[in-house]
Amino acid sequence: MNTQELKNFLADSPPSIVQLEIKKHFEALSDKEKRYAHYISRASVHGTRITLRQVSPESEDIYDFIIELHKSFNGDWASAQKKAGITDQDLKFFLEYCGQFLGNCGNYKYFGDSKIIPRCDEKVFDALAALSPKAKEHYEATKGAIFPTQEPGLMHLGFPDDGHLTNYYPDSTNITKSDIIAVGDFLESKGLLVENTRLRKTPEGIFEVLLASAVTSIPSEGSDIGKETEFVIEKGQLEGSKLRIVFGDFSKELTLVAENCKKAAENAANDIQKDMYEAYAKSFETGSSQVFKDSQRYWIRDKGPSVESNIGFIETLRDPQGVRAEFQGFAAMVNAERTRAFGGLVNAAESLIPKLPWGTEFEKDKFLSPDFTSLEVLTFAGAGIPAGINIPNYDDIRQTEGFKNVSLGNVLSAKAANEKIPFIRDEDLEVFSKYRDAAFEVQVGVHELLGHGTGKLLQETKPGVYNFDIKNSPVNPLTGKPITTWYKPGQTWGSVFGSVASSYEECRAEAIAMALSCDFEVLKIFGYGDGTPDMDNEAGDVLYAAWLSMARMGVCSLEIWDPRSTKWGQAHSQARFSILQCFLSAPQEFCTITHTKPDLSDLTINLKRNLIPTIGRQAVESYLQKLHIYKSIADVETGVKVYNDMCFVEPEYWGKKANTVLDESSGKVELKEYDASCEGMIKSFAERGV
């Protein structure tokens, strides 16, 4: 790998570390609510090592190396620098690497899946490691994996037989993509959900499904699929292969997670919260996904809590196959003032859904009105913090029981000091800077509620039973003919669309946000304008900022594209680039990108503001209709082709969180906050004691 290529992987200098403002919201809680939040926070951060181990084989040792160094000098990095004999710049680059490693909970970027490489020389790490025997032990255990690899493919997460790295298939150098898919098909036929699993292939060719659980052997009541743990695959390319379920992946961590969930249950505000956290605890103890699904049912019913939370193996964005989930957990306080706007959006949802470009046959029979709150994050343990969340991800629950939405307010408003804003024309900078936060809040609200919250999957729910009229099948609006495909028994959206499912769904949700942001009644709900279409008032400014922001994010997404492997490193980035392509393909030069310099350093977005409600909206809705219909009818072949075509890259374009501390004697909880710096980031992790 040459020097120019290596630059793409270097740790940011300076990194963006921002304070998530939470103190006033935390202090407003009662003592019992503070304890509830504290135990949820502790349960979440005890999963840190799970996430580290899911990211890469070396991440946990890098983490221990950083934490041991901090402990050995009690956070006095100037003293460590002096004893190690390194320069100011050496220390600066080292701390910047540590800050980004901790922020991403691993040495691969959460937003990009590319390796983070320190800017300082390996000798700097050697010198610092020599100061602490324990730190040195962990440093040597990384076996040089902190630094660039000889094989370029290992600089990205992905399938092993594509030359990439992943720890969802640990110690399995001989496992292939076709093995992974075939095992997935077998487990689907048995009814075992795989979100909380990893997969190992032994040298003898035996497949081991590593089930995340505190227990290390099958519970007395059995697993979700009975008391068998050993199987022989009966058909397909792996016919005759042995497979066994191995309990106890992440056992130590999940024991601590479950213990804190039980303590949270003891401090719950009501029976629903108590039942929810008892279900969490049982699911983490036993590895039961069915019990975890029960926790999510309770979560949906826990309406308007003062402390909102969720924890578990949730998002499948980083598993190369797109079905296994990364561990995450959060505790947050509700912002009642901003929640009112989201409540207005929920109330308007049933009048907005018919404005989307598909008929009732492709929409849920009944919109299940969800809870939608604006939250201020206390703790978000995992590889990255999203701006909004719409869960649970289980199709059967979403389609018939509902879901909940949250917007993370102090994440939306967090900005690094002196942040540069490239790609925006000088004449647009004032409007963009003033209204981008407002625009992003509207975008996130519509994206989560109506983006992820709409749509019907046409299914054969069990043999011979359909959730649509099979004798008078719905007409596909794209062909004018009755549909010929649908989801078969046992199939899910994720299992059918596989690795593209996450990005495809994010694109569908973003497209819905772009389309409905053009509805001035939506802008009125958030406090902009009176509902009258007018591109020249404040509501028009918010709408323009929203579309400019999406176009800009599409351009920025190219940072996450690897031309060598033609691989997108993050689902949202791929989705946003796809929507940028949609903007660019609209008629009347609706959106253009210009530059005069060969290195594209003056690249600028030109968007025709007056055409957004007409030409822009029509282009997005045309693309959205395709994405939605192909998803609804399980037409994976056509849907993936359309999506991938819109993600093709032309050759020319080749937060730090607070902690809580419990005083065991008084039962009171103190909030502890940290400086917005690399040193503060390291200290915040070190004091979690995980």
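Each Cβ is built from the backbone N, Cα and C atoms, and glycine gets one as well.
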Of the residues E401, E427, E506, E521, only one is listed by TrEMBL in the Zn(2+) site with H447, H452. Which is it? E506
So which other residues, same chain and not among H447, H452, E506, have a Cβ within 8 Å of the centroid of the Cβ atoms at the Zn(2+) site? G388, N390, E448, G451, E505, R508, A509, E510, I512, A513
Looking at Cβ-Cβ distances, which residues of the chain lie under 8 angstroms from E448 (active site) while being 6 or more apart from it? F372, G388, I389, N390, N405, V406, S407, A509
10 Å Cβ neighbour count around H447 (Zn(2+) binding site)? 28
As a test of the contact definition, list every same-chain residue at least 6 positions from E506 (Zn(2+) binding site) whose Cβ is closer than 8 Å to its Cβ. A571, H572, Q574, A575
Ordered by sequence, the long-range same-chain Cβ contacts of H452 (Zn(2+) binding site) under 8 Å (at least 6 apart) are N390, F403, N405, E505, A509
